[in-house]
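Features as listed in TrEMBL:
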- HIS207: active site, proton acceptor (ACT_SITE)
- GLY38, ALA39, GLY40, GLY41, GLY42, ILE43, GLY44, ASP64, ASN124, ILE147, THR148, ASN149, MET258: NAD(+) binding site (BINDING)
- ARG111, ARG117, ASN149, ARG183: substrate binding site (BINDING)
- 177-340: domain 'Lactate/malate dehydrogenase C-terminal' (DOMAIN)
Amino acid sequence: NIIHYILSKMLLLTSLKSLAKPATWGVVVRTLKVAVVGAGGGIGQPLSLLLRRCPGIDELALHDLSEMKGIATDLSHISQTGKVIGFTGEKELESAVSGADVVVVAAGMPRLPGMQRDHLMAANGNVAVKVATAISNASPRAHLAFITNPVNMIVPAAAEVLMAHGTFDSRRLFGITTLDVVRSKKFIGDSMNISPDDVNIPVIGGHAGITILPLISQCQPIYRCDLQEIQNLTHRIQEAGTEVVNAKAGKGSATLSMAYAGATFVNSLLRGIAGQDGLIECAFVASKLTDAPFFASPLELGKDGIKRYIPLPQMSDYEKEALEKLLPILRQNADEGVNFAKMILSGQSHSPIPAALP
């Protein structure tokens, strides 16, 4: 009858209107490809597992120098949408990152007991050069995020390679420093006897030793303690990586916590790409906030990577003094990372070992 016909039309129009509404994060806006370089390692495997839980990933590409078929098949059996494909060896690196929206790099040698972070550059610097070259050739619009240490040098080296290929976009290159924030939230939450999820604290500077600067004066809720406690907490956050290296007694560095932090950052980045607003994460990026060319600070993420650089907040006298001490190190790290990339690009066969890291 006429009434039934009118009601059915109204229901159809209502359904069409609901489909036309902007999609929430739970409804995929568009399918995304994420590539993990170093997916077979101590960080790469748990990171890849955690990324399988991120909505919106249509293809997860796993690359490593060792055979990746088994790991890819294993992860593909998880009851999540999307496909998982394995890629093996340098010859398949470009295929792995081709068309990727986000490339996360966890490849490289871990830090061992007694090893200074700067010595990692000799082994891991080539990772930055090769991945940045592959990105330039196969996916120049990808968001590139490095876990590989030493981040303070790796990111400037990658930037130099991208510049050499004409594909550098400062909004799309990141050093993942989220683990410094994760540790800060955990240590402060435990000290205050509250959930770490309820702690909000910016961590600025770099991603090694005294270049890591948690702004405890800006912690929310307010962390009430004396200067000695602040110094002790700051030192623990700065040396937390060494704490794990020593605890593992030669069997590795921070892998599981780093995978958790890496997945946290990538999840926010994917949400930003999908159009969600108000996503703030700390990361080590090309920056003009200080006189160091690369600097970690809170950023708002968006469709094109960095949407907004959040100005540095007011700091305590202790934090201001610490900032002044770390900036010369970051400047030297950047110079050494850039020089490393230039020497590799010029065809120099050996890998120089940079001198500066705390």
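Keep in mind that glycine also has a Cβ here, set from the backbone N, Cα and C atoms.
Those TrEMBL annotations? Automatic predictions, nothing curated.
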Binding-site residues: GLY38, GLY40, GLY42, GLY44 - member with fewest neighbouring CB atoms within 10 Å: GLY42
Fewest-neighbour residue among recorded positions, criterion Cβ within 10 Å, set ARG183, HIS207: ARG183
Inter-residue Cα distance where the pair is GLY40 (NAD(+) binding site) and ASN149 (substrate binding site), in Å: 17
C-alpha spacing of ARG183 (substrate binding site) relative to GLY42 (NAD(+) binding site), in angstrom: 19
